[in-house]
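Remarks on the structure that follows.
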Amino acid sequence: MQIIVVGVNYKTAPVEIREKLAFGEAELGEAMKQLAKQKSILENVIVSTCNRTEIYAVVDQLHTGRYYIKAFLAEWFDIEAEAIAPYLRVLEGEAAAGHLFRVAAGLDSMVLGETQILGQVKGSYLLAQEIGTSGTILNHLFKQAVTFAKRAHSETGIGAHAVSVSYAAVELAKKIFGHLNGKHVLIIGAGKMGTLAAQNLYGNGVGKVTVVNRTLEKAKQLAAQFDGEAKSLGELSCALLEADIVISSTGAKGYMLTKEEMAPLEKMRKGRPLFMVDIAVPRDLDPALAELETVFLYDIDDLQDVVAANLAERQKAAALIEEMIEGELVAFGQWLQTLGVVPVIAALREKALAIQAETMKSLERKLPHLSERDRKVLNKHTKSIINQLLRDPILQVKELAAGPNADEALQLFMKIFNIEDAVKAEQRSAQRAEVQLRDEQQAEAVRAARPSWQL
């Protein structure tokens, strides 16, 4: 069994390709169930967001697994396989596992270190677990990846530094005021950048939002998003008297506010600090405003400097997380190796118990006078001998499975005890049991989703 990842993301495919390969939230479960029916696919989890569609699978053979996953994507989205082939990225084995750790931790995201992807990865995994398309290997891998991503964010603080201009304004405002609870925000202009800044400020607990714009109707539309107040441009002076934070993004020719216009208003504000952010190009606010004692003025270049510094901090944190991933891969690899030893141990126990059972039958034939109590005592003690004899070989085979050259070591172990065929039988039995469990889980999910009147 092998782990494989097949898919596209913002690095490998343009948006016009990604949008053609995006699974809707409502169809994701059905897609995973259909993929599970394909040849070679033993387990699968599909992660689909605006920036990526990736299929994580456990396959019995890599080449057939790759083929059927690609064919499934082409058939599901009714697109020629050749049309998407150049954009598909395929990772196998340890590289596939490492990719999931990076995705969950936000290292493979367009915004380095973002946390939204972690929730999306967890949601896909829980859905696959619920409908039965994931199994022993992917359940362990995804659970480990989600747990690791949470720890990585907590220990490195990778998401603590703003890397967008709009959120950098929030970060600076917090440095000046300490907190934003109850602060009055004034938005000058109804442009995209101003809107984003207002959304981030509003999400951080500001009290009131006022929007001033040349067109009052646009001001009303934006203000409505924040239960705020709209004012015309002629009311700017009054709005400035009340504001604690000003975001300006009109891009008009000439300054919307000069030092001379603000100076008398500053006196009327009685020393209250005013945080002003000019994210317009050309600038809206007179740079001389910074000369006023209670005015803290920042422009787009100041914010870009903050973003650049924060991005550098995130990159340092990302480097630490990459080192942490190496340890996670070692741990997962060791677990995966011990998984392969389970049927070996089971086959060894079965052979030993079969010998014990034959020995008991022989004793009963040769000693027919034995009482029922005597038989029970003999059975108990012969089983005890078997368990004691097996203890050291089982401990040793577990160590072999976790060490270097594990496959060769296990093959030699099986040859010594002549259990090669028995191990294969155990593996087939385990696979049948897993398929049966998956089918039962899928059937139960279908029954649960069926309306009560159809039951």
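Every residue gets a Cβ built from N, Cα and C, even glycine.
Fair warning: this is a prediction, and the values are worked out from it, not measured in the lab.
The following features are taken from Swiss-Prot:
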type	residues	note
ACT_SITE	Cys50	active site, nucleophile
BINDING	Thr49, Cys50, Asn51, Arg52, Ser109, Glu114, Thr115, Gln116, Gln120	substrate binding site
BINDING	Gly189, Ala190, Gly191, Lys192, Met193, Gly194	NADP(+) binding site
SITE	His99	site 'Important for activity'
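Among the listed recorded positions, namely His99, Lys192, the Cβ with the most fellow Cβ atoms inside 10 Å is that of His99.
Excluding Thr49, Cys50, Asn51, Arg52, Ser109, Glu114, Thr115, Gln116, Gln120 themselves, the residues of that chain whose CB lies within 8 A of the CB mean position for the substrate site are, in sequence, Gly106, Met110, Ile117. Annotated NADP(+) site Gly189, Ala190, Gly191, Lys192, Met193, Gly194; additional same-chain residues within 8 Å of its Cβ mean position, judged by their own Cβ, are Ile187, Thr195, Ser249, Thr250, Ile279.
Under a cutoff of 8 A between CB atoms, and with a sequence separation of 6+ in the same chain, the neighbours of Ala190 (NADP(+) binding site) are Val211, Asn213, Thr215, Lys218, Ala219, Gln221, Leu222. Across the fold, the C-alpha of Thr115 (substrate binding site) and the C-alpha of Cys50 (active site, nucleophile) stand 14 Å from each other. Sparsest Cβ environment among the recorded positions Cys50, Met193 (other Cβ atoms counted within 10 Å): Cys50. Taking CA atoms as the reference points, Gly191 (NADP(+) binding site) and Thr49 (substrate binding site) are 27 Å apart. In the three-state DSSP reading, Thr49 (substrate binding site) counts as coil. For Met193 (NADP(+) binding site) paired with Ser109 (substrate binding site), the C-alpha to C-alpha distance reads 22 Å.
Around Gly191 (NADP(+) binding site), a 10 Å sphere centred on its CB holds 20 further CB atoms from the protein chains shown. Distance from the CA of Gly189 (NADP(+) binding site) to the CA of Thr49 (substrate binding site) is 32 Å. Geometry remark: Gly194 (NADP(+) binding site) versus Asn51 (substrate binding site), CA distance 25 Å. Non-local contacts of Asn51 (substrate binding site) by the CB criterion (under 8 A, 6+ apart in sequence, same chain) comprise Asn9, Tyr10, Arg18, Ser109, Met110. A separation of roughly 11 Å, to the nearest angstrom, links the Cα atoms of the residue listed as 'active site, nucleophile' and Gln120 (substrate binding site).
If you take the Cα of Lys192 (NADP(+) binding site) and the Cα of His99 (site 'Important for activity'), they are about 34 angstrom apart, rounded to a whole number.
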